[in-house]
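Here the structure is laid out as structure tokens; the discussion comes afterwards.
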């Protein structure tokens, strides 16, 4: 009997020539011209859009410019159709939010054929950063060991947590308003919400919004919640989609909790490892055995 | 420890695959000893009905199993019965395997991709998967029919042959869209209007199939009109099967690449592995490669020996589970179509 020849394995493709994460992308044409405000700055790079900080009309008015570059894998006709449709849809959603009183960046202008949308630059920082910093500051100001705490300390903790509770309430209101306006966000993480300092607090800060510098003074969680990045948003009132928005938000907020937990408690890694087991089981320890 | 051997039996669709694979725990080397497949090919314009497919699988399996299968049983059940029979006959352990996990593990072994985002595309499934915490987690999937089902059913609409498989013939027709009917003069294929249905990391294909079927019906009207000596309305584009296949591929593959890219951005991965029957499609592989290149990564794909359903992929996944101590008791050796990829505890990976 003939022994069957083992099949030859397929050779894996060679690794890319340059596998560093700093991949250089060409700027959209609109940002290739010299500008009095200086060169545009790449802020973030997602799966389909890149966000730049540049200026609008005057060199001091900052704007966020979103570019949806064309995808080389897509047929040019399909690519142009999708880019146009998505830029227009995002612009319409921003406009609708504005009309319904949901705090979002103001729409400045669009060039749907180039896949470009420019909007107000929202001063402040993402909710994720603000909460993390707030928790770290608190850990520094009220250092307590891993032992038990006195009654006084607990009370002080509850008082100290008030800004956080306030922030959570404002997040809930913002999302409620958004859903009431018939918009589903599609990616409601704490990175997609900004805390814009109240107008009255501006005088207290050293930094100035207009020049793009970050604040340097002691910050609180005070400020208006501005929802950003409507790239995956849609108009609709399906309860399923709204519930998914809330689920994503729930996960994102809990991630913040865990980050702070790790910073505070040195045995955290062991507990988090165990948490993975618990998550996998999906419930409490089995009563059997 | 001596090398371990496993016999895999696969028959969830129209392919009956049986293969033997070995794994040496000492060297962590995998060796394919045999990989035999027999495909049930249905006549042009028809799909493979479970009844006929089951008959095919029965006819081609061992004679011992044939006796037990005289009564009707769907394809997967037929093969499960045969696998149980072999287990009893030869006194071998039974290891139940999740079909998709079989595809993923086979793709990882063959291509050497260690932790890729996986696009699993076949006649029954469309999923974007990434590994985390000993599970293959589903990031996105189809909300209705599978992409392979969409292509196969459209092949039926056009009544093109099912041999070797419908998707292959759709792919060949799409390539012909780049040439005039003489087959030599180059032309620009026409991208017809089809819906594009992506929602976050999920997608949907049934509306696209419906729209493509409507275009095919319009084409047949044109055929009839031209055959009876009439002429098309001014400005009306002549629809051809080649352009239809080209358009369908360009549209559904763009959707698949888009949701895969989103998952890669989400988990921060640069590797992408394409598995499942549709993964053989060269245009899909090319598009995926262009996307991966833009992200500074690369695409890993296998050829038809491994990406189409086969026995060794079941053998490999079974072997990996067996090594962690997993066995399927004879009385529990049932099969189900409702076995999701993320239900399997991937005990053999610890990264």
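Using N, Cα and C of the backbone, Cβ positions are placed for all residues, glycine too.
Taken straight from TrEMBL:
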- B:74-315: domain 'Gcp-like' (DOMAIN)
- B:99, B:103, B:120, B:309: divalent metal cation binding site (BINDING)
- B:120, B:121, B:122, B:123, B:124, B:152, B:167, B:171, B:281: substrate binding site (BINDING)
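Regional average pLDDT for the domain 'Gcp-like' (B:74-315) in the model is 92. Cα-Cα distance from residue B:124 (substrate binding site) to residue B:103 (divalent metal cation binding site): 13 Å (rounded to the nearest whole number). Between residue B:122 (substrate binding site) and residue B:309 (divalent metal cation binding site), the C-alpha separation comes to 9 Å. A count of other CB atoms within 10 A of each Cβ picks out B:103 as the most crowded of the binding-site residues B:99, B:103. Same-chain residues that are not part of B:99, B:103, B:120, B:309 yet have a Cβ within 8 Å of the Cβ center of the divalent metal cation site turn out to be B:12, B:100, B:102, B:104, B:122, B:125, B:275, B:276, B:313. Taking the Cβ of residue B:167 (substrate binding site) as reference, residues of its chain lying under 8 Å away and at least six apart in sequence are, in sequence order, B:148, B:151, B:152, B:155, B:277, B:278, B:280, B:281.
A 10 Å cutoff on Cβ-Cβ distances gives residue B:120 (divalent metal cation binding site) a total of 28 other Cβ atoms nearby, all chains included. Of the listed binding-site residues, namely B:122, B:124, B:281, B:309, the sparsest CB environment within 10 A is found at B:124.
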